[in-house]
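One structure is given below, encoded as structure tokens.
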Amino acid sequence: KSALSGLDKYSDEATVFGLLSLIFWTLTLIPLLKYVIIVLGADDNGEGGGTFALYSLLCRHAKMSLLPNQQAADEELSTYYQPGVDRTAMSSPFKRFLEKHKKLRTCLLLFVLFGACMVIGDGVLTPTISVLAALSGLQDRGTGGLGNGWVVLIACVVLVGLFALQHRGTHRVAFVFAPIVVLWLLSIGVIGLYNIIHWNPRVCLALSPHYIVKFFKITGRDGWISLGGVLLAVTGTEAMFADLGHFTAASIRLAFVGVIYPCLVLQYMGQAAFLSKNMSDVHDSFYLSIPRTVFWPMFVLASLAAIVGSQSIISATFSIVKQCLSLGCFPRVKVVHTSRWIYGQIYIPEINWILMVLCLAVTVG
């Protein structure tokens, strides 16, 4: 929807196939290859935290000397250590290069801080976008849709309820959410497969990168601008790494490769098949592509799944702020451990309420 919004004058099958190919390869290269296959293996002794986890690893094995984490006691107390992990420092040309150039270390720290800020900003945008997108089904004219004001009001109520539940901890919330996520993913996968068969089976050809080249030849500058909409397909994926303290790397990999990735690909292919024959319905392609008989069950599932997606990025924000605290890059705040058994499951009241206020401001705005 977002990617096609500025491409009204290119309303043909080749444009839709090109966007599908872009989304498919973006999903493959960033969440699957980058995060699941590569980055999940670079944890900070079992904890995530995004760029700060990687920076913490560098600090342990090189004398970065910009943050107060070089004391032996600090290193021992930083987190628990996984059994079987080699803790001996390795000498390398890159390590010597970093230790020699202070300006490079300063630039690296600024880059890390900027990356952490971007993810925290995502903690404001993702809940807002997810909940509003799910509740947009209430505006469907075929069901006597509500106005924008009512949708915004309901979205605000949902967001307040979500943030009010955070103090109960991830494990209690996840127990309720897990069946919802599985049902949601299987549902969008099945509906995507139905749309492929019903509307345009040729959409499978769009998985070829050839359609990306063809897309940019047709759309030119407008095609490059539409990449902002393509990026929304992978927003929030950094939460997989940041949430590593809440779940194990093996469980995240199994869930993504076995269920999430194939179901998402099928859904995007189904929407592309639908749009290739119904370009006028681009304003709400997801809900309009759902068969009328299952519209309301899917609406309820979409709303609940949006809450789950919001939960993951909120938990990721807590983890990143905790990493910032451990490296002395954030004001002191109260960190509450919500689980007796899993060290990484935490709740930070100040961050929670600040995020809630910002999310409500963005929703209303």
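Every residue gets a Cβ built from N, Cα and C, even glycine.
Caution: TrEMBL annotation is automatic and unverified by curators.
What TrEMBL says about this protein:
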- 11-364: domain 'K+ potassium transporter integral membrane' (DOMAIN)
- 14-33: transmembrane segment (TRANSMEM)
- 108-135: transmembrane segment (TRANSMEM)
- 147-166: transmembrane segment (TRANSMEM)
- 173-197: transmembrane segment (TRANSMEM)
- 223-242: transmembrane segment (TRANSMEM)
- 254-274: transmembrane segment (TRANSMEM)
- 294-321: transmembrane segment (TRANSMEM)
- 342-364: transmembrane segment (TRANSMEM)
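A contact between the transmembrane segment (108-135) and the transmembrane segment (223-242) is present, since 3 or more of their C-beta pairs, 6 or more residues apart, lie under 8 Å. Between the transmembrane segment (294-321) and the transmembrane segment (254-274), fewer than three CB pairs separated by 6 or more residues in sequence fall under 8 Å, so the two stretches do not touch.
Highest Cβ pair count under 8 Å relative to the transmembrane segment (147-166), across stretches 223-242, 254-274, 342-364: 342-364.
Sequence-distant neighbours of the transmembrane segment (254-274) (same chain, 6+ residues past either end, Cβ-Cβ under 8 Å): 16-17, 19-20, 23-24, 27, 31-32, 36, 182, 185-186, 188-189, 191-196, 198-201, 203-204, 206, 233, 240, 281, 285-286, 288-289. Nonlocal intrachain contacts for the transmembrane segment (14-33), taken as residues 6+ away from its ends with a CB within less than 8 angstroms of a stretch CB, comprise 3-4, 7, 203, 205-212, 214-216, 218-219, 223, 226-227, 230-231, 233-234, 237, 240, 256-257, 261, 264-265, 268-269, 272, 275-276, 279.
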